[in-house]
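Some notes on the structure that comes next.
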Amino acid sequence: MTRTRVAVLISGRGSNMAALLAAAEDPSYPAEIALVLSNRPDAAGLAHAASRGVATAVVESRAFKGDRAGFEAAMEAEIARHGAEIIALAGFMRVLTEAFVTRWEGRMINVHPSLLPSFPGLDTHARALAAGVRLHGCTVHLVTAGVDEGPILAQAAVPVLPGDSEAALAARVLAEEHRIYPAALAWLAAGRVRVEGGRAGISDAPWATGSLANPLPSAPGLSKR
């Protein structure tokens with residue numbers, strides 16, 4: 001099976017990157033992690049990727065002193081050098097230009113720690129607690145020019161429990177991120193994602209038991225959980 005090559009972009013520890021690497025170790029998984037790229041040389045996730053035999057690269061954003069186009073061109077040179085066809089953002093803490101996003105339209109995904117469209121942007125767990133919501137969660141979506149506005153591929157919900165701290169809620173959500181991100185990447189890599197009218201659909205996705213509020217469609221190379 002020919003697998004689709006993926007570049008994962010990180011800025012820190014890369015826990016979602018680690019979940020993608022673990023999924024890609026299954027030879028039936030349709031994506032191969034070809035590159036882990038960081039804008040920070042001290043990102044802890046780089047060492048983890050290297051320990052798994054995955055190529056790594058650093059394109060330090062600070063070196064470009066506000067030249068966003070130059071920074072993105074340098075990243076794309078590394079991505080092209082490793083033959084990646086899809087970009088997966090995993091804690092990549094840089095806002096990408098509209099031009100970059102347009103070039104990768106339909107081929108770039110992100111995981112966000114809220115049930116979008118609720119709580120886009122930063123500090124999602126604190127905001128969820130402050131709002132008094134009973135359900136919180138995470139979303140995997142295609143990346144568009146609007147931050148956290150792209151077509152939704154997968155969501156998982158968790159309960160907000162009485163007395164929850166921000167850290168406790170974040171940990172509960174993160175476990176679901178690690179579950180749904182590999183599934184969504186698998187669908188995209190296998191060519192099963194279709195977007196019409198700004199909404200995404202997954203072809204041939206039977207439903208399996210999954211998270212509290214929304215079962216997870218099965219994906220190639222992933223066992224049902």
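The backbone N, Cα and C atoms fix where each Cβ goes, glycine too.
TrEMBL has this to say about the protein:
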DOMAIN    5-185  domain 'Formyl transferase N-terminal'
BINDING   Gly14, Ser15, Asn16  N(1)-(5-phospho-beta-D-ribosyl)glycinamide binding site
BINDING   Arg68, Asn110  (6R)-10-formyltetrahydrofolate binding site
ACT_SITE  His112  active site, proton donor
SITE      Asp148  site 'Raises pKa of active site His'
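Here the features listed in TrEMBL are placed on the structure.
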| residue | record | DSSP class |
| --- | --- | --- |
| Gly14 | N(1)-(5-phospho-beta-D-ribosyl)glycinamide binding site | coil |
| Arg68 | (6R)-10-formyltetrahydrofolate binding site | helix |
| Asn110 | (6R)-10-formyltetrahydrofolate binding site | strand |
| Asp148 | site 'Raises pKa of active site His' | coil |
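With all protein chains in the displayed structure included, the most crowded Cβ environment within 10 Å among the binding-site residues Ser15, Asn110 is that of Asn110. Counting every protein chain shown, 15 other Cβ atoms lie within 10 Å of the Cβ of Arg68 ((6R)-10-formyltetrahydrofolate binding site).
Asp148 (site 'Raises pKa of active site His') sits 7 Å from the residue listed as 'active site, proton donor', taking the Cα positions as reference. The closest partner of the residue listed as 'active site, proton donor' among the binding-site residues, by CA position, is Asn16; the full candidate set was Gly14, Ser15, Asn16, Arg68. Checking each of the binding-site residues Gly14, Ser15, Asn16 against Arg68 ((6R)-10-formyltetrahydrofolate binding site) by C-alpha distance, the shortest gap belongs to Gly14. Counting every protein chain shown, the Cβ of His112 (active site, proton donor) has 22 other Cβ atoms within 10 Å. On the 0 to 100 pLDDT scale, the domain 'Formyl transferase N-terminal' (5-185) averages 97 in this prediction. For Gly14 (N(1)-(5-phospho-beta-D-ribosyl)glycinamide binding site), the same-chain residues 6+ apart in sequence whose C-beta sits under 8 angstroms from its C-beta are Val8, Val36, Ala43, Ala44, Gly45, Leu46, His48, Ala49, Ala90, Gly91. Recorded residues Ser15 (N(1)-(5-phospho-beta-D-ribosyl)glycinamide binding site) and Asn110 ((6R)-10-formyltetrahydrofolate binding site) have their alpha carbons 13 Å apart, per Cα-Cα distance. Around Asn16 (N(1)-(5-phospho-beta-D-ribosyl)glycinamide binding site), a 10 Å sphere centred on its CB holds 26 further CB atoms from the protein chains shown. The Cβ of Asp148 (site 'Raises pKa of active site His') has 17 neighbouring Cβ atoms from other residues within 10 Å, across all protein chains displayed. The CA atom of Asn110 ((6R)-10-formyltetrahydrofolate binding site) is located 10 Å away from the CA atom of Asn16 (N(1)-(5-phospho-beta-D-ribosyl)glycinamide binding site). Other than the site residues Gly14, Ser15, Asn16, same-chain residues with C-beta atoms no more than 8 angstroms from the centre of those residues' C-beta atoms, the N(1)-(5-phospho-beta-D-ribosyl)glycinamide site, are Ile10, Gly12, Arg13, Met17, Ala18, Ala19, Leu20, Gly45, Ala90, Gly91, His178.
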